[in-house]
């Protein structure tokens, strides 16, 4: 800036000596507090570089004075959270399933915990509200392949069905058509008979006697004499109105021809025992539990 | 190219610079009617603020006994006999509406009464001025000291002033936090450093803001920071009484002796002797004789100062007084002064205030102490059971606002033959679930309604949950819908 001492007549202030098209610039310095704040931010920034990880290097970065890292901080926060939950979760872990359902406070806790865990782990198959889909059971209704009591639900969550775990539920719907046990027309007849068991309409030329015979010969060992199913084998009740894979003739023919073997993964080892317990209580409280 | 205009021609007397550096205001002490009103109001305002947390109010066992308490951890607000829940936050909306209307009414009647007498900024600044005058002397002494060198005596006085200011500011912050916890306990905890950190943070923040706003910012808060003068200017009308210099009587200004000479010639001389006392006492440093202006908080201290001078020179008091422009013009025209406190604007404000008060009072009196809310399951919205019946799930939330546990029964009216099942109910009588609601809490329950509906039924049927207090017979209900898949 050039040396000058021109005073503007209107404002009584000095000018900077700069002039554009006859307009002169007044010398109006920033307020002192502003300048000081600016310097303070510079000092702050330098302190920041020293204390926190700040500068990228060729292979790594400056770690700062206290080796602060957001990753470590998150880990600490999570550990703190677990500690905070610890006491309540311990109570949940020590209570029996039946006791949890009787105690409103424990039930609320288990439901809250179960709900979040359900959303993270179960919702992809069973839906966010447990309503299921074709092939994935609805957990809100009262029909349970492997039993709907608290203990049975917990058992299923822990070890799954056809999951490969040593204690898993085993049992499968055979592929009567693919394996050549039944012929095509026999399969259609059985399918119609199964529909008649739950009061659904049947095809006009359907031979009920033949259907009953075929059913007794091939199906009763798993589904029972009356078709009421068997939770020991995961064999569904064929007389009710709930159909995992659909109730129309086409779906039934498909089922009988190729069989069904849906898999429920085992959660033991992936979820801790208290969480599984909370999950069982939550699923049971959806309303279908027996 | 235009010929440059000489700067002197651009300047007129009225156009000052848009920004002027602050000139420190040294308001002189004054005594009189408005000063004593201000002292009394200050005592009331500060007294209420500092002492209210210590007032007790018995509410029964287990409930806090502080008359005014904002209990954030338990989400309750206590105001003497009133206990409000978060759901009832609309009462505060009502209070805010009421406060706004009261401000409007005050404004329509007497101008910025709020600014001059009740605003915390005014009250604390006034208190800080009083301390300043007590320690450093009145206006003249302060101006003289500021112009002179810094002596040890002066430095000592200044330090004392700041110490007292800081003490007042600190106690102001301290009183604030007492509204959020049991006051005597908190005072003890604060003293023994057992109180939560947030309490100290708030005390520090309010100490700083009180010290800065009342000690340093002072009138600048009113002129630059506060929106009310701007809003007020749009709300006022020509009838509102304002602190007014009666220029019809005061002008032209001249000394007592000169006025005597002029008057003896039979010409008009004003009553204002241009003694500048009204300017000297003004806490915002304005000249009221320039007419109504933004910087005037209408505290009336200039009235006291002017009246004292008028009495001294044996003239009628009231040269500056609560008046309005209409009367100035009427006096000039030789007409009678008129005051009209009752007019459309004030009647409307007063009417609205009455209506809001009545609505709030009614709402408060008819406030339910047992309540139920219902939330329908969204996913799945309905479930078909193995026997073909339909089931809908709901979450019921019960509010027991009484100070004791109560047993309630839950009934459902909805589709024919509907059955109610409560998940985890601790006491269930056949077909009529009963549960215990703990005192002063909300309880959430999941309930299932099952009805033997088939495809021919209507897609959606209203369902009402009725909650009956078995002991008191109080009933609350909530309605939702029962839907088919």
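Note: Cβ is positioned from N, Cα and C throughout, glycine not excepted.
Residues or ranges marked as transmembrane segment in TrEMBL: B:89-109 (among others).
Residues 49-50, 52-54, 68-72, 124, 127-128, 131, 135, 187, 190, 199, 202-208, 210-211, 214-215 of the same chain lie 6+ residues outside the transmembrane segment (B:163-181) yet bring a C-beta within less than 8 angstroms of a C-beta in it. Residues or ranges marked as transmembrane segment by TrEMBL: B:163-181 (among others).
Distant neighbours of the transmembrane segment (B:193-214): 121, 124-125, 127-128, 165-166, 168-170, 172-174, 176-177, 180-181, 186, 221; these residues of the same chain sit at least 6 beyond its ends, with a Cβ under 8 Å from one of its Cβ atoms. Residues annotated as transmembrane segment in TrEMBL: B:193-214 (among others).
The domain '4Fe-4S ferredoxin-type' annotation in TrEMBL covers B:263-291. Each residue in the domain '4Fe-4S ferredoxin-type' (B:263-291) has a pLDDT score, and their mean in this model is 90.
The annotation transmembrane segment is assigned in TrEMBL to B:346-365 (among others).
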Should anything in the same chain at least six residues away from the transmembrane segment (B:346-365) have a Cβ under 8 Å from its Cβ atoms, list it; otherwise answer none.
82, 91, 94-95, 97-98, 101-102, 104-105, 108-109
